[in-house]
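J.: Right, I'll just put the structure down here and ask away after.
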Amino acid sequence: MSQEILDQVRRRRTFAIISHPDAGKTTLTEKLLLFSGAIQSAGTVKGKKTGKFATSDWMDIEKQRGISVASSVMQFDYKDHTVNLLDTPGHQDFSEDTYRVLTAVDSALMVIDAAKGVEAQTIKLLNVCRLRDTPIVTFMNKYDREVRDSLELLDEVENILQIRCAPVTWPIGMGKNFKGVYHILNDEIYLFEAGGERLPHEFDIIKGIDNPELEQRFPLEIQQLRDEIELVQAASNEFNLDEFLAGELTPVFFGSAINNFGIQEILNSLIDWAPAPKPRDATVRMVEPDEAKFSGFIFKIQANMDPKHRDRIAFLRVCSGKFERGMKMKHLRINREIAASSVVTFMSHDRELVEEAYAGDIIGIPNHGNIQIGDSFSEGEQLAFTGIPFFAPELFRSVRIKNPLKIKQLQKGLQQLGEEGAVQVFKPMSGADLILGAVGVLQFEVVTSRLANEYGVEAVFDSASIWSARWVSCDDKKKLAEFEKANAGNLAIDAGGNLAYLAPNRVNLGLTQERWPDIVFHETREHSVKL
């Protein structure tokens, strides 16, 4: 271990933003970049002419619909730290891609629409974070509007999400009467003014909740605030760093992302409290972030980030050591050495060549089809990082094309989209039609649009009478062959070459499992691990 690597690892913070759709996640992403100095005004990257679309929403379908469909990666410096921010799809139909992104972070920022409280997608995503005890910071957004009672919101988070809340700031009013927040730990009041371009130093601060100036500023509100703070301090949890790092307690902040209010406090908490890169599990051993040798894993593949180049980028989370441009690294699944000369880092779709990267950083490797999600890279050691799952799809469609001459383009397009995780592709063992599996309907719309725009293929999706999929495996090859022969009509091969059972309904799946006790039916499978 070198002191240089240790110092660089300590400076890193890698986190994702998770939320239900429309809670204000993309707005918050923009504002974090604005406050860090990474961009000059929300929606435009510093020095680049990117139009008026959000920095992190770069795919055409995202621009049309105003949702984050793909996960983007943004790196910026703040307070002598390097921050890697992973923006995740907020739309409920994109949970599988979001799950995978959560395997590449060390902490998460949960955004809640304070008018609505805890919503379905938030519950799913927090459950994924809980699998890895990921520390969570919470931001209650939209206090410039009429919202629900703040104590009620804390109770809801604790009861539904089963994580204890420690309010760090507390709101003064809401909607038209929103005056600001009181910072409980700092004993300061930050005064709210509407306006999306206001920067941190432009908000007024009053020191001390007993400051006489507050009677002049808020003659009607100040006594209620003091009473509320007394109640909150008596009834809620104090912030405890160890409990936060264990994923048991979440610090809670209140504000209005669209008005830049409450953003700096969140950034400071992520720098001061969130963990630096942590050790990662691999099949042979635990890999420490400050080891001398480079290693990392692929958690996402994005096709055609640059429409002009029609390329694919594999997103790699660095787990240990130091990456240097031009170094040789081994692609372990196929046992091939590659010279990493054109590796990039991101500000959404704006790319810069990487000279060096450390644990916690996300780098992009140009991919011509050899790299898959879950692949591990090292300087030679046979490491395979674990914990990057595929989830069983919930919706299925058969796919056909209007122009049979374009069958090769269809197959190529679906292969690429399958590899990047936009959709799961199954080739039935009997029958010609390919079957697509997804977590939500919008994924099929995205695939239709991308097949047309990127591959020139007009595809038609028909409903498929499939209830769910299970990957199957068996140690006894003879038994597996018998199972395949008896169930050929329900079996398919996925994009990774794995055998899957496509069940028409719940009863069928249950009966099949009973009839074949030696066959293991898996609801998830590890990426790049052949069952």
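Here the Cβ of each residue, glycine as well, is placed from N, Cα and C on the backbone.
Pulled from Swiss-Prot, these are the listed features:
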type	residues	note
DOMAIN	10-278	domain 'tr-type G'
BINDING	19-26, 87-91, 141-144	GTP binding site
J.: Could you check what DSSP calls T88 (GTP binding site) once collapsed to helix, strand or coil?
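T.: SS state of T88 (GTP binding site) = coil.
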J.: Please classify the secondary structure at S19 (GTP binding site) using three-state DSSP.
T.: strand
J.: What same-chain residues, at least 6 away in sequence, bring their CB to under 8 Å of the CB of Y143 (GTP binding site)?
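T.: Same-chain residues close to Y143 (GTP binding site) (Cβ under 8 Å, separated by 6 or more) are A114, P171, M174, G175, F178, F192, F254, G255, S256, F261, G262.
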J.: Tell me, by DSSP, whether Y143 (GTP binding site) is helix, strand or coil?
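T.: Reduced to three states, the DSSP call for Y143 (GTP binding site) is coil.
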J.: What does DSSP call K25 (GTP binding site) in the simple three-state scheme?
T.: helix
